[in-house]
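Participant: Pasting the feature list from Swiss-Prot:
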type: DOMAIN; residues: 10-88; note: domain 'RRM'
type: ZN_FING; residues: 105-122; note: zinc finger
type: REGION; residues: 122-218; note: region 'Disordered'
type: COMPBIAS; residues: 146-161; note: compositional bias 'Acidic residues'
type: COMPBIAS; residues: 175-187; note: compositional bias 'Basic and acidic residues'
Amino acid sequence: MSGGLAPSKSTVYVSNIPFSLTNSDMHKLCSKYGKVVKVTIVKDKHTRMSKGVAFVLFLDRESAYNCSRSLNNKQLFGRMVKASIAIDNGRAAEFIRKRNYTDKSKCYECGEEGHLSYACPKNLLGEREPPPKKEKKKKKKVQQPEEVEPEDSEEEGEDPALDSLSQAIAFQQARIEEEEKRRKQAAEDASQASTSEDTHKPRIKKSAYFSDEEELSD
């Protein structure tokens, strides 16, 4: 038989069950045949007492057929149980709808506080292991590293190679200027010395008398 969740094909109708049997008991009883999705025991609207009828929804059709064949005409706590594939009365969608029990402070089976239906003292088959809680996928906010904006600086460093080259050029230029300065200074000194010698050198004046004797003048 093909699988797939189809309430009209994978729901078992169980009747003549003990009135004291709870939803948890039916779940535990039918779980041996396959994955049980939901158990609903029909209760009186006013007294909330069981009417001895239950619907068990399985995950697949094969499990439902196995359960119906095994439980049909079986003695259960002194009562002859009847089981068959449930006939769809058009309310399958309503039946499959999951109920959310927001109040977790009290048991929905007996209404008492301090325990849940899985561990209710009224369960004839004892406690049932609660289904694993579905972990809610929390959207983790990926904390992106803060982008540190670089501070604007007016004093930007130059390339070391360019810096050393400029220093060499400047040094060479300074040497050239220094040499040129020295040359100019030496030329000026030489010019001044020559002028000074010419000034102090005695000049020979010819005698007015055209004599062979020369007169020295300062």
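Including glycine, each Cβ sits where the backbone N, Cα and C put it.
What's the neighbourhood like for these features in this structure?
Facilitator: Secondary structure counts, DSSP: the domain 'RRM' (10-88) has 23 helix, 32 strand, 24 coil.
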Participant: Quick one: average pLDDT across the domain 'RRM' (10-88), no decimals.
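Facilitator: Summing pLDDT over the domain 'RRM' (10-88) and dividing by its length gives 91.
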